[in-house]
Amino acid sequence: MVGNFDTMRKTPPGILCLRRIRGKDWTLNTYRYVVLLITFIAYACYHASRKPSSIVKSVLYPDPYKKSDNHPWPVGNLFIEKEFVGVDLNASKGTGWAPFNGTDGTSKLGEIDVAFLACYSLGMYVAGHLGDTLDLRLFLATGMIGSGIFVGLFGMGYLFNIHVFGFYLSMQMLAGLFQATGWPSVVAVIGNWFGKRKRGLIMGVWNAHTSVGNISGSLLAAAVLDYGWGWSFIAPGLVIIMGGILVYLFLAAYPEDIGGLYPNDPVANVHTVPNDVESQMQKENVVGVEKNVGSQHGSECRKSVGFIEACLIPGVIPFALCLFFSKLVAYTFLYWLPFYLSQTEIGGEYMSVKSAGNLSTLFDVGGIVGGILAGYISDKLRARATTAATFMYAAIPSMLLYRSYGNVSRTVNIILMIVAGLFVNGPYALITTAVSADLGTHSSVRGDSRALATVTAIIDGTGSVGAALGPLLTGFLSTRGWDAVFVMLMACALIAGLLLSRLVIAEIAERTSTPMSPSSGRQGFEAPASQPLLSDQR
């Protein structure tokens, strides 16, 4: 077990090089924008490298009896050079790719997904503690490069004509372990640089990286599919490796690493931002805090918190369980929507593998809107749980409508898909960003301890167990018909909403009993506000 020990960190080499070239340093706000941009790109690369398996499912396990449309979506041959007309081009000539082209093909594809996600979820708990202990920049860069290597090796199975199921299973498992480094790290970095005010909106916009990664990953994988399905893995693998190099060169994981003060340090904030309303509230407790905070502030005196201690933070367990079911629904769409579209008759015809992959990106377009909307509403209402639960309940009729009427025409399918993406991804984005950051900076772990990566890992790790279960169940249930799959998804959305009932009741009771003011209306699980965000920085 990794213990708590002092760790010295250095300024990223890319920043040092830019300082020498420019002859001066960036402002704190500029650094914050750079951190937002680099972490956005980093996690978009993670998600882009997860999309190939959903794009190539219909190539590995084709349906030789369906007829393809002659006009690929969205604009003729804009996105594709050659159309799949009923059969596959990639060396399989309509027979798929062993070992996935047998009668148990969908089950094997489901097992591949669950192998990745199971290792991802288990690795998340370890990665969270390591992220609170090690240098986040090096930890994140290593995870990205390792992920790219094993995603690329999965695609190499096509180039070297490998048909051993164990090879593909092991590559996905190793890729899942390295992918676990991503989310705890990027959320911890954002939490280190930004205070809590407007966190829901800021992180809602920032969390668009998930959908941007899904969209770009789908388009990239589909764009190179004509050259062989293996390139749909190799190309995203190269992209995430380049992203890891960018992180190593330019990501300052902590303000102290470039000579700044720690934004969530209650003592530093009181002295450096004395006119901020919310910072004034912390003055009353500063004497007590100073007893627990040493005279040093910086990355060299930072400690992580224990797993049990993080679990006991109010709100962590309910939100973790809610995310279990919420992420189950979201990842089922992530991994199976392109396959569903290619296997479902829409407007009287079936679409090609590439058209299905391109069309599925609109689900993530709805997810971008949903994440931003959920963050904005939760900031305005100061009610994270109520917002998340409401979105989950709204996801139920949206999925029902999509299943019932999505086959009427392509236009209707697009509209209903965007709406479903909005309500499915909204609470998922909110819980994994703003809620995790709120709980990771809870007052019970202030002082010389940090819980951002650990809390994020607990919440998202639990959610990732559900993410692993959803695609696995879909692989089996889809053989009985897609109606069974959608019933499962709607039931999970209902359970996700119900798990937040206690927190929702507490938020409603607080709002009805306490008049809203700039210093009131916080959820019971949230931490006191720290340094203001971008536009509020003094």
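A Cβ is built for glycine as well, from the same backbone N, Cα and C atoms used for every other residue.
Bear in mind that TrEMBL entries carry predicted annotations, made automatically and left uncurated.
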>> Of the ranges 66-85, 206-225, which one does TrEMBL flag as transmembrane segment?
In response: 206-225
>> If you look at how TrEMBL annotates this chain, which of 106-128, 451-473 comes out as transmembrane segment?
In response: 451-473
> Mean pLDDT, the domain 'Major facilitator superfamily (MFS) profile' (37-509)?
Replying inline: 80
>> I need to check the long-range neighbours of the transmembrane segment (30-48): which residues 6 or more away from its ends have a CB within less than 8 Å of a CB in the stretch?
In response: 140, 144, 147, 179, 182-183, 186, 189-190, 193-194, 206, 208-210, 212-214, 216-217, 220, 236, 239-240, 242-244, 246-247, 250-252, 255, 258, 260, 534, 537
> Does the transmembrane segment (451-473) reach the transmembrane segment (485-505) with at least 3 CB pairs under 8 A, where each pair is 6 or more residues apart?
Replying inline: yes
> Quick one: do the transmembrane segment (231-251) and the transmembrane segment (138-160) reach 3+ CB pairs under 8 Å, ignoring pairs fewer than 6 apart in sequence?
Replying inline: yes
> Among 172-194, 206-225, 385-402, 485-505, which stretch has the highest count of C-beta pairs below 8 Å with the transmembrane segment (138-160)?
Replying inline: 172-194
